[in-house]
Amino acid sequence: MRGRSFSDCCSGYIDFSKARVPDMDINWSDVNLWVSLATITFNPLFWNVVARWEYRSKALSNLFRNQRLACVLLGITIFLLGLFRDLRFKAALDSQPRWYALHENWILWSGYSCMAVGAVFVLISYYRLGFFGTFLGDYFGILMDEKVTSFPFSVLENPMYWGSFLNFVGGALVKASQAGLVLSIWVAVCYKVAIQFEGPFTAKIYEDRDRKMRFNKMA
């Protein structure tokens, strides 16, 4: 069946059978897209599973005979996995088509702004927490003296996660990538799920610590 055609004042006819639907600019057959999706999903799953395993079994601390060394090695692993995830995300952005709806200067600068704010949240969070506070030292028995409440923890919960999310969104906007925005939404979903598991469990670790301290004082 031939597409419908309508006359127009300048060129005669418009052939709607050749019109392109503009609202989807994602190449779903792109391997880079699926590899990026897999790494985004795997990373928080990995560190949550390994950290809880360590907390319950002390397997890594016993293997390396030092809880701090074990935590450092896990932290380095998490960092390298995060670096690989970011590289795969960039590869997906580079291999995906550009979405013309995002080809606006204000969107470009919004992307850079997201990346700048995200970097501030991540870097200052790391400064406040330190290496062991950032890389799950709580699960190794390396606890902080008190909860961090200064900026950026004073403006939102889990600023390192949401700062990372803003970096993904910013990268997608700068590259005008609809696929990048979809991946960024998936980052937010994965982080939200991770927070639901980590928050209560971490709170329990500190509650157990405080309970033991009160018991020791009473004894």
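Even glycines carry a Cβ here, placed using N, Cα and C.
Look at TrEMBL and you will find ALA116, VAL117, GLY118, GLU198, GLY199 tagged as S-adenosyl-L-methionine binding site. If you take the C-beta of ALA116 (S-adenosyl-L-methionine binding site) and look for same-chain residues 6 or more apart in sequence within under 8 angstroms, you find GLY170.
Within the same chain, residues 60, 74, 78, 81-82, 84-85, 88-89, 91-92, 94-96, 136, 139, 179, 183, 186-187, 190-191, 193-194, 197-198 sit at least 6 positions outside the intramembrane segment (31-51) and bring their C-beta atoms closer than 8 Å to a C-beta of that stretch. Feature annotation from TrEMBL assigns intramembrane segment to 31-51.
As annotated by TrEMBL, topological domain 'Lumenal' applies to 1-30 (among others). The average per-residue pLDDT of the prediction over the topological domain 'Lumenal' (1-30) is 58, rounded to a whole number.
Sequence-distant contacts of the topological domain 'Lumenal' (52-63) (same chain, at least 6 residues past either end, Cβ-Cβ under 8 Å): 70-71, 73-74, 139-141, 201, 205. According to TrEMBL, the feature topological domain 'Lumenal' maps to 52-63 (among others).
TrEMBL lists 85-111 (among others) with the feature topological domain 'Cytoplasmic'. If you look at the topological domain 'Cytoplasmic' (85-111), the same-chain residues 6 or more away from its ends with a CB under 8 A from one of its CBs are 22, 25-27, 30, 32-33, 35-36, 39-40, 43, 168-180, 183.
What TrEMBL lists as topological domain 'Lumenal' is 133-175 (among others).
Below 8 angstroms of C-beta separation, residues 48, 52, 55, 138-139, 143, 147 of the same chain, each at least six residues beyond the ends of the topological domain 'Cytoplasmic' (197-219), sit close to that stretch. Per TrEMBL, topological domain 'Cytoplasmic' is recorded for 197-219 (among others).
Under the heading transmembrane segment, TrEMBL lists 31-49 (among others).
Taken from TrEMBL, the feature transmembrane segment applies to 69-87 (among others).
Residues or ranges marked as transmembrane segment in TrEMBL: 107-127 (among others).
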Least buried by Cβ count (within 10 Å) of the binding-site residues GLY118, GLY199: GLY199
Fewest other C-beta atoms within 10 angstroms, as judged across VAL117, GLU198, which are the binding-site residues: VAL117
Residue numbers, six or more beyond the limits of the topological domain 'Lumenal' (133-175), whose CB comes under 8 Å of its CB atoms: 47, 51-52, 54-55, 60-61, 67-68, 70-72, 74-75, 78-79, 89-90, 93-94, 98, 102, 107-108, 110-122, 124-126, 181, 183-184, 187-188, 191, 194-195, 202, 205-206, 209
